[in-house]
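Peer 1: Sharing a structure with you now.
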Amino acid sequence: MELNYYEILEISQTSDKETIKKAYRKMALKYHPDRNQGDKEAEEKFKLVNEAYEVLSNDEKRSIYDRYGKEGLKGQAGGFGGFGDVDLGDIFSSFFGDGFGFGSSTRKKEKGNKYPQDLKITTKISFKEAVFGCKKKIDFSYKSFCKSCKGSGSENGKLDTCPHCGGKGQVGVRQGFMTFVQSCDHCKGSGQIIKDKCKTCHGNGYEEIKDHIELDIPEGIDSGMSLRVQNKANELPNSSQRGDLYIKIIVEDDDKFIRHDDDIYTIVPVFFTQAALGKTIKVSTIRGEADLKLPVGAKDKQKFELTNEGVKNIHNGKLGSHIVQIEIKFPKNLTDEQKNLLLQLEKSFGLADEEAFIEQESLFDKIKSWFSH
């Protein structure tokens, strides 16, 4: 069932103008296309929210709608709801201003700049480079505005008003009895076009320049972290210096070590006699070999912590831990002599077959007793 305008804005039919404005603001923000890119359902709801506000914010149209519904509005000047002369971007801007970052506001802010001033790149480093830090050469390219056309892309340095949108950067598209606003395809939302392209930059407004830096990567950096280098990114016509370069770090995996935050994890094979006797074993850490004293009768998959053998925290300098999980190994093949030795060991513990059976039977009786009450 189709919702009425009051239901779309989630207000009652007796709501005053201030309530309608607040409801519109809330719903427009919620369903704005810039916040829900690629979401067709949100896009349709945003159109309905604007449609509802256009009617309910106008006393005359609201009165007609309350009496006759949508049918009563069809005969109004400018088509249904009078949207023929209304710019939804202007409605939105009247609430949120030109600095809010949505719709036509964004277009005005970016007008004249063909690219952002800051630059983001990604670089890979090895596991050990991340753990201990390193100095690394980073190659990249940045954009520098064309000096011939001052970044405009036009031969004479001037841009012409787009004839399709009249310089607004957006056009109205009619769908049935409604008109909605979308970015102008002809000028890509800029409101301006280039008639004669600059021969130096071929209309791009910039040139790509290769550059490199020697980057000091700090000890303990982790995958996903970014480093900023000032004044090494793109150059804009109206700026005295270049933007900031942001370098996202991707750390490659290691064959032996697994890292989680500042801790290192490894699985260490331990022979069953070492676990039974509580031997001291050697463990390879990121900082060299360390001794690990096993308790007598250590269990398979038991974990042990070697403090201060992990990664240095990039913020406070504290060292993490090295977590060792042991994996008890048994021999696959035994000689006759080894079998006899194990049998002798078994007998030395007094593990006769009859005693083992009695112990199992006793356990079985205990379990049965749980269900007898």
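Along the chain as shown, the residues are counted starting at 1.
Every residue gets a Cβ built from N, Cα and C, even glycine.
What Swiss-Prot shows for this protein is this:
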- CYS146, CYS149, CYS198, CYS201: Zn(2+) 1 binding site (BINDING)
- CYS162, CYS165, CYS184, CYS187: Zn(2+) 2 binding site (BINDING)
- 4-69: domain 'J' (DOMAIN)
- 146-153: repeat 'CXXCXGXG motif' (REPEAT)
- 162-169: repeat 'CXXCXGXG motif' (REPEAT)
- 184-191: repeat 'CXXCXGXG motif' (REPEAT)
- 198-205: repeat 'CXXCXGXG motif' (REPEAT)
- 133-210: zinc finger (ZN_FING)
Peer 1: Going along the chain, which residues six or more apart from CYS162 (Zn(2+) 2 binding site) have their CB under 8 A from its CB?
Peer 2: GLY169, CYS184, HIS186, CYS187, SER190, GLY191, GLN192, ILE193
Peer 1: Look over the recorded stretches 146-153, 184-191, 198-205 and say which has the most C-beta pairs under 8 A to the repeat 'CXXCXGXG motif' (162-169).
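Peer 2: If we count Cβ pairs closer than 8 Å to the repeat 'CXXCXGXG motif' (162-169), 184-191 scores highest.
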Peer 1: Tell me the Cα distance separating CYS198 (Zn(2+) 1 binding site) from CYS165 (Zn(2+) 2 binding site), rounded to the nearest angstrom.
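Peer 2: Here the two Cα atoms lie 23 Å apart.
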Peer 1: How many other Cβ atoms sit within 10 Å of the Cβ of CYS201 (Zn(2+) 1 binding site)?
Peer 2: 21
Peer 1: If you count Cβ atoms within 10 Å of each one, which of the binding-site residues CYS146, CYS149, CYS165, CYS198 comes out on top?
Peer 2: CYS149
Peer 1: Cβ neighbours within 10 Å, counted over all protein chains: which one of the binding-site residues CYS184, CYS187 has the most?
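Peer 2: That would be CYS187, with the most Cβ atoms nearby.
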